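Among the features that TrEMBL reports, transmembrane segment is placed at 34-54, 66-87, 94-111, 123-141, 162-185, 197-217, 307-331, 362-381, 393-420, 456-475.
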Amino acid sequence: MASVDNKRDEEEPFVVGAASVDNSETLRNHTKDVHILSSAFLLIFLAYGAAQNLETTLNTKDDMGTISLGILYVSFTFFSLIASLVVRFMGSKNAVLLGTSGYWLFIAANLKPTWYTMVPASLYLGFAASIIWVGQGTYLTSTARSQARDYHLHEGTVIGKFNGEFWGIFASHQFVGNLISLAVLRNGAEGTTSGTTLLLTVFLCSMTLGTILMCFLSKRVDGGEEGPKDSSFGLCSSLISLLKSVITPLLDVRMLLIIPLIAYSGLQQAFVWAEFTKEIVTPALGVSGVGGSMAVYGAFDAIVGTIGIFCCIVSLISVATACFSVLVDSFASDLQVFPLVLVPAKICSLTAGRLTSGMSSITWIVSAGLFLQAAVFLWILKYSLTSGVLGILYPLLMAAMLGIGDGVFNTQLSALLGILFKHDTEGAFAQLKVWQSASIAVVFFLNPYISLQAMVAIMLAALFLAAGGFLVLTLQIEKAFSSPS
């Protein structure tokens, strides 16, 4: 009993009251689910993320790759409107399990990319993605609330901690997946049928492992996670529930003020996938360099989810300094130097994580992320291709800075929705994916028709609109908390 209590004290120092064997087991169950969910998403999305980064480069005939992704995100937008109803009906665990099938089929379709395989796979993936992400947000928030309730912890702190762990591990998919792409497609294999087939086969195996891992998640029984309570759940009730889940969040002024930030978070992701890799990275580093630059992007995305933006900026400066001495030789021979360069930043995660504790910290972190990405877009407007060390370094530094911003929006938006919309978690996360996927689809459809400078101008306008809405939201919440009850 003493050893159990000591272990409990180490894992949860802020617990009120004496520890017991049963409560210690409950603690391990909640945190175990976060570990499983995070690892499963890593295995699935290291495959999908790397494949998506290469989609517009490999499937260039008739812009099939770009159009397929546009169709995917239009489908994602539509199905996100009903995703909260599906998740509420199925339960969040079953929803994320079903959602994995769409990603598997999309990768399989790329083994024989034709309009007859890519379009149906893209349409189905839109449905699968909508339920997997609403299910993920609902499941993670429910798990955090259970942890906070069982151990008398501050709910916002636990939600921030669990989101930090999930997004920190999840963001590693860009780092791991793109290193796999780099290893397989380099040495003349890029663009060959054998190299692409091998890469996609490895990705399918990774996705299969992730799906199997999800089967070990515990079912959540609070916050609507157990599925429908009445077996006679009829069509009329379903339609009413659907309308409420879609319309009710839009009647809340807080959601209306968050939507510009949500939409911007989708725009900046699509900008990296569609514009940055094609217009900045490929001319400077080649097609195989897309994997290396996106590995840097994913590494910093992961770091900011784990240790916070300010420690990540310090790491960015140290990496930039180290790159001057080792980057050229390592890029030409072996890009596995990047994990070694990033070791100090990874070590920081042991002491500097869990920054999100409420609106105050969210405000500062989001503001810093917006400022950093604004600096990148202004830099791109003045950017021109250069040779030598700087020609290699500049795209990698941009990737790192964009990755920091993406990590900020991923963690803070999830935490913010979990804190502000605790009574309609499914509806809030459905709105998140509706507006994100719609903005992503816009970028993919515009990509073939507008210049890089025009796209950057759109990004800056969206960024300032998002910053304005978020500022008003922060002031409103601060005023509500400061006013006497």
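For all residues, glycine too, the Cβ spot is worked out from N, Cα and C.
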Among 34-54, 123-141, 162-185, 197-217, 393-420, which stretch has the most Cβ pairs under 8 Å to the transmembrane segment (362-381)?
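Stretch with the highest Cβ contact count: 393-420.
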Cβ under 8 Å, sequence separation of at least 6 from the ends of the transmembrane segment (456-475): give me the contacting residues as numbers and ranges.
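For the transmembrane segment (456-475), the list is 254, 256-261, 263-264, 267-268, 271, 359, 363, 366-367, 370, 373-374, 377-378, 380-381, 439.
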Counting a contact as 3 or more Cβ pairs under 8 Å, with residues at least 6 apart in sequence, do the transmembrane segment (34-54) and the transmembrane segment (123-141) touch?
yes
Residue list, the transmembrane segment (66-87) vs rest of chain: Cβ under 8 Å, 6 or more residues beyond ends.
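Here the qualifying positions are 52, 55-56, 59, 95, 106, 118-119, 121-127, 129-131, 133-135, 138, 238, 241-242, 245-246, 270, 273-274, 426-427, 429-430, 433-434, 437-438, 440-441, 444-445, 447-448.
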